[in-house]
Amino acid sequence: MKILGIETSCDETAMSVIEISPRQARGEEITVLSNVISSQVKLHAKYGGVVPSLAAREHVKNIKHVFNLALKQAAKNGKWKMENGKLPVDLIAVTRGPGLGPALLVGITFAKTMSWLYKKPLTGVNHLEGHIHSNWLSPVANSKSKTLNPKQIFPALNLIVSGGHTELVLMNSRDQYQIIGETVDDAVGEAFDKVARLLSLGYPGGPAISKTAEKGNPDKYILPRPMSKSKNYDFSYSGLKTAVLYLLRDLYPPAGGRKPDAKIRADIAASFQNAAIDVLVQKTMRAAKEYKVKSILLSGGVSANKLLRKELHKNTAEAGIKYFQPPMEYTTDNAAMIAVAGYFSRSKNKKTDYKSVKMDANLGFRPKR
Ligand code: KG4
Ligand code: ZN
């Protein structure tokens, strides 16, 4: 079965075609035939963050081109011929939320049009459910497609860390999600972005902080680890960001008027990264043990962070818990993850026609039923 995924929830216009083999005992075989991502990062960088109306305008400009490219790449990798007037997929999956309303609408409108025009079923996907499923993906056109055996991974604990979310989600089975912890204020990716701005490192902040941190001493400044000792599994990141602000103010009183020099910036970036990742790892491991999960799945944009990947790897190995992390190309927003999530969730949605998909910018996980 071939699925076209469409993702426009933020500042990436993305489309992908994946192929999934029928269900087998050891899990589905998934091959990514194309994964096209048109990023608007440069456009938004001068504003220090994503501007929703500009994002929507760029999606409109790029979407047809991204669509053509995704199909062309898939035809090449799948060794089939494109036929005029035909869309060679069995299902279309589109992100319906959460995300920026104007941006989501572009992808949804395009998906509905394709579904109506080519008479293909359409399913709406939760963006966070998409991130979780980035763990089911292997690199484009990889002949060794990945299989995850449900018997070996569930119950699973998902740590979803992105620019908008920090969530611990327990999955007892394929379609049962239960949020056991989330941020009470800023998301961890947002904290990386804000601290990068304080240090004049540019946007997006996550990659800039981790690169700068490589040259710094992570133990130079002892920064707070908010809520690390609290009994629940919630997170808080605004206090950590404020601690960096105060540290900078102490080091460089406003009257001093100097910008932090490179060495101090590197030490602050490393100390901040250390504190931010430490809380994530501590709480995830504690939850994994309490809920006796078989596996931990990392996902979301911050899953690209090397320190986080390394620490989770080490801690899960010590605890004897299976650990999965997405290949680097699927850490940030992409449409292959939306296509996989669409495949698994389509049976839950009774209707899969173009009329049934509605945008929901504030969509969350449904509580456990
Ligand atoms: O999942 P994503 O692409 O978009 C959202 O759904 O939010 O995540 C983007 C976030 C940004 O906050 C970015 O700074 C962060 O992921 N990020 C990182 C790294 N790469 C991206 N944070 C820390 N370390 C990284 N290497
Ligand atoms: Zn995302």
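Note that Cβ sites are derived from N, Cα and C of the backbone, with glycine treated the same way.
What TrEMBL records for 31-339 is domain 'Gcp-like'.
The Fe cation binding site feature in TrEMBL is assigned to H127, H131, D333. Summarising the environment of H131 (Fe cation binding site), the number of other Cβ atoms within 10 Å of its Cβ, over all protein chains shown, is 31.
For V161 (substrate binding site), applying a Cβ distance below 8 Å and a minimum sequence separation of six or more within one chain yields A187, V188, G189, L280, L298, S299, G300, G301, V302, S303, L308. Annotation source TrEMBL lists substrate binding site at I160, V161, S162, G163, G164, D193, G206, N305.
If you take the Cα of I160 (substrate binding site) and the Cα of H127 (Fe cation binding site), they are about 11 angstrom apart, rounded to a whole number. In the three-state DSSP reading, V161 (substrate binding site) counts as strand.
Maximum intra-site Cα distance, substrate binding residues I160, V161, S162, G163, G164, D193, G206, N305: 17 Å. The Fe cation site is defined by H127, H131, D333, and by the 8 Å test on Cβ atoms against their centroid, the other residues of the chain that qualify are E7, S9, C10, T95, L128, G130, S134, S162, G300, N334, M337, I338. N305 (substrate binding site) sits 15 Å from D333 (Fe cation binding site), counting Cα to Cα.
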